[in-house]
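Report on one structure; see the data block that follows.
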């Protein structure tokens, strides 16, 4: 079966072709990536406890009852942006998500996720207050084949005086939807997915996790916030529910597709709330099992062979 679908959030055109997943593939081993069976502590990792003397600047820590840090935000030693030029400036931090060297989203505890999202909330709030900042980007690269340079679990947060093109595109799509339909795109999408149910992974009080009807990435999952908040406004209840979703969903994802590389992209509301009023904070969880081919790169059209309903069934969190 082949059909054209449009991603409601990004506006991307996607060619859905269920036959593409039946293509013959050479059996090759992914090489050069991190070994998930590493020890809990590494003597050579700069993010492990006891090895942090070379860290440029510690911004914030979350500590356990004994006073030891369990999550930490530090200035990036090799920042994408800094304050050195006026045209584009910002700050770049690394959020170390656990003291455990071999922790990953596939095996982290709910408490570790709570620490991660609590730290993200705090750093987002601090960075968004800086003068001239228009947007705060949050992303995660898991494994070398998804862009990570270190195995130790971490995500990154980058503030900027400019709105990223990808966010501008989502704002344009949501603004256009409001003009044409008189309602918020994300409210309509939430309503549609919850009524259909077949692509839903988990529906809670504050977030909906689902496999999108159309996406440029095979196997992508999205988690949309039901409230109209930015991460700095999350309550403890938001963080608890988000942690529950991520812990259980990633367990199910690993059981189905293994310990594969992935990226997480948090697309949040803009710092200036007058811009992008229709945008709703949401996560893109992008598996990196396949790369784009020449067709996608030369045409800007994307081919997806994964059945969203089937993936949702595998990833679904049973209440």
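Each Cβ is built from the backbone N, Cα and C atoms, and glycine gets one as well.
Quantities reported herein were computed from a predicted structural model and do not represent experimental measurements.
Summarising the annotation, TrEMBL assigns active site, tele-UMP-histidine intermediate to 154. In sequence order, 47, 94, 95, 96, 97, 140, 148 constitute the residues six or more apart from residue 154 (active site, tele-UMP-histidine intermediate) in its chain with CB-CB distances below 8 Å.
Per TrEMBL, Zn(2+) binding site is recorded for 45, 48, 101, 152. Counting every protein chain shown, 17 other Cβ atoms lie within 10 Å of the Cβ of residue 45 (Zn(2+) binding site). In the three-state DSSP scheme, residue 45 (Zn(2+) binding site) is classed as coil.
Residue 267 (Fe cation binding site) falls within a strand segment according to DSSP. Cβ neighbour count for residue 267 (Fe cation binding site) (all protein chains, 10 Å cutoff from its Cβ): 23. As annotated by TrEMBL, Fe cation binding site applies to 170, 267, 282, 284.
Feature annotation from TrEMBL assigns domain 'DUF4921' to 101-313.
Taking the centre of the Cβ atoms of 45, 48, 101, 152 as the Zn(2+) site, the nearby residues of that chain (Cβ within 8 Å, site residues left out) are 41, 42, 46, 47, 51, 100, 150, 151. According to DSSP, residue 170 (Fe cation binding site) sits within a helical segment.
Per Cα geometry, 284 is the residue among the binding-site residues 170, 282, 284 nearest to residue 101 (Zn(2+) binding site).
Using CA atoms as reference points, the binding-site residues 45, 48, 152 were checked against residue 284 (Fe cation binding site), and the closest is 152. Residue 154 (active site, tele-UMP-histidine intermediate) falls within a strand segment according to DSSP.
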